[in-house]
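A.B. asks: Following this message is one structure expressed as structure tokens.
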Amino acid sequence: MQRLVYSFQHSFVKKTKFHKDGVRITPEFDFVVVGGGPAGCALATRLSEGGKFSVLLLEQGTSVEQHPELEGCMDYILQTRALHGSSFDAEYSTVSEGQFCPHELKISSGKVLGGSSCINWAIWTRGAKDDYELWAQLAGNEEFSWKRVVHYFSQIEKPTGGPISVRSVKDTPRDHYWSDTASLSLGQAGFQRLDGLNNGDLLGYGEMMECLDENGFRCSANAYVRAAAEEMKRQPETGEAARRFEIWTSIEVQRVVFEDVKVMGEEPKAIGVHTPFGFIRASHEVILTAGTVKSAHLMLLSGIGPAGQLTEHGISVIVDSPEVGENLWEHPFVDVRFKVKDHKRRDTVEDFATLKTSARHVDKWAKTKSGLMSGLLYEWMAFSNFGDRLRTALPPDQTSVSFSWLEYLRSQISQILPFRLFYSSSKPSLRTFTPLEEKYLFRPGAPHIEQMVHYGHGLTQAPDPLETSYISISNVLLTPVSRGSVTLASAPADADASTTQLPRIVVNQLKEEVDRELLVAALEKSYEISRTPAWAEFLEAEETPSKDKLIEIIRDRVSTLWHLGGTCSMRTKDTRGVVDNAFRVQGVKGLRIAAPEGDIPDKNPKISAWYLSQWLLTPNLSHIYSAKW
């Protein structure tokens, strides 16, 4: 990838890209794409196809090839944990958030070419059909419907046209000891066995899909970059138009630059980006693909966001956009652990505690590429809808499906006014759901909870791996109602100082009672799974704790899967949003954000990012990226 990727760690690159014959120059491209993660790699490489447009992809981190000591960890999925906290990880910190999340969270986010697809657990779940149908309805765009989504996914995945390898557990040599028992227990707990998890119907359980190639190596967004590099090598031989595509790594974008408005009422146009090395011009468009945190932070530093916040931090207001940085959601998860009976201990992650107990697994993998080291130590995923539980567990007026806009406005006015305008003899609820929350919480075909059976202590290390083995169930809340924010932490003194500014991230994890209620239901289901006949021979039996105890477990163990979204959300029929349904930033020209769908948090953001980049180009390239905005 020599002709394609240039690292600003090297002085030669710094000199040649902003200077020519000793004279300072301004680099110019048709498109400047900011952020080399899944969306950025896919979008930039596809935009550059055919040589019609010149495209520059900017990545704050390095490339994998520049760190051979970490390259092997990236290839092997079991080495993923070694990448967290490494130079490949931006590792954002959140602000502690009261009683239900009193501790600071570390949010891993890829800071390397390929983004988080280089450091995550490589699970590939498209999402539920109902999610996409709701998104299409809210956005008023049928291109987001399930029928169209399947078409775009076929252009991403191998072997149907894309560079991304996706495989099922059954297509791997895993051969895990606990596999049949785990599957049987989910069936005995009432889950229906599904024929695959990527056909849109998720309620039930099935084999996990993962983003690994035929050799078991991680397939990251760099697959797009490698494909582009190979094509560029062949261009002199094929006579094709030269591909005008470059990737610059180790370069941070500090802000988007806008042209001065000459006519009153005219929308400002983005004309490029500012970096520590100078200005880079985008003659056609700047596209932010820097992720949920970074994209929102860049918008704020560029003068697009809540006017009060920008003014407070000494930033000139380009557009007063109150939704920028707001609406932050993430997927909380909680592990429930069950001890394996002493005489049944074997083949869990605790075996890797010593060389002696791990030796046979290493030997098996070296000889046959199978066994405990051949892949992730979970294979089965189950999905549940707890809509009926919500209706019975929460106050009636909090779950009423006959909710009206009049009731919503009434509740909002009552919160704002210093006196009581409305009176009611009914018992007050904690709060009333918004129309959007009603729509995505009470859909019968979409899951609230994802559960995975893990052959070990879960995503945290066991305190006693030499004495005890565990089977755990990881519970993920897919439909959080709690919302947080990404804001400016401190005022930059000048443009260059903004490179050192860090965002202030408040997740507000489990702030809303409905989120806690759904996780309580999930933990109760976990205990039910552990007591099925399938596990009776192997696990020490545990009764389901009281609800108060379950809430205590949730508070003590809750963490995050680093699935963030919502800070640059789309305008819908129910929400104002930051971008329109073609991802153009409202209030300006020439700026787009390839951001996940925002208000519908059920899906894996990585999958959404790839899908959105594909949608932006096919079939929209001809009219979205025409010479005329």
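Cβ atoms here come from the backbone N, Cα and C positions, even for glycine.
Nobody curates TrEMBL annotations by hand; they come from automatic prediction.
Grabbed the feature section from TrEMBL, which reads as follows:
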- Val112, Val253, Trp562, His563: FAD binding site (BINDING)
- 110-133: domain 'Glucose-methanol-choline oxidoreductase N-terminal' (DOMAIN)
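Please go over these features one by one and say how buried each is and what sits next to it.
C.D. replies: Neighbour count (other Cβ atoms within 10 Å of the Cβ, all protein chains): 24 for Trp562 (FAD binding site). According to its DSSP assignment, Trp562 (FAD binding site) is in a strand.
Among residues of the same chain six or more beyond the domain 'Glucose-methanol-choline oxidoreductase N-terminal' (110-133), those with a C-beta under 8 A of the stretch's C-beta atoms are 5, 35-38, 40-41, 59-64, 74, 77, 80, 83-84, 86-90, 144-146, 149, 153, 166, 197-198, 200-202, 208-212, 218-222, 225, 247, 249, 291, 376, 381, 383, 440, 443, 445-447, 562, 600, 602-604, 606-608.
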A.B. asks: Given the binding-site residues Val112, Val253, His563, which one is most crowded in terms of C-beta atoms within 10 angstroms?
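C.D. replies: Per the Cβ count, the most surrounded site is Val112.
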A.B. asks: Please report the DSSP secondary structure of Val112 (FAD binding site), reduced to three states.
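C.D. replies: Assignment for Val112 (FAD binding site) reads strand.
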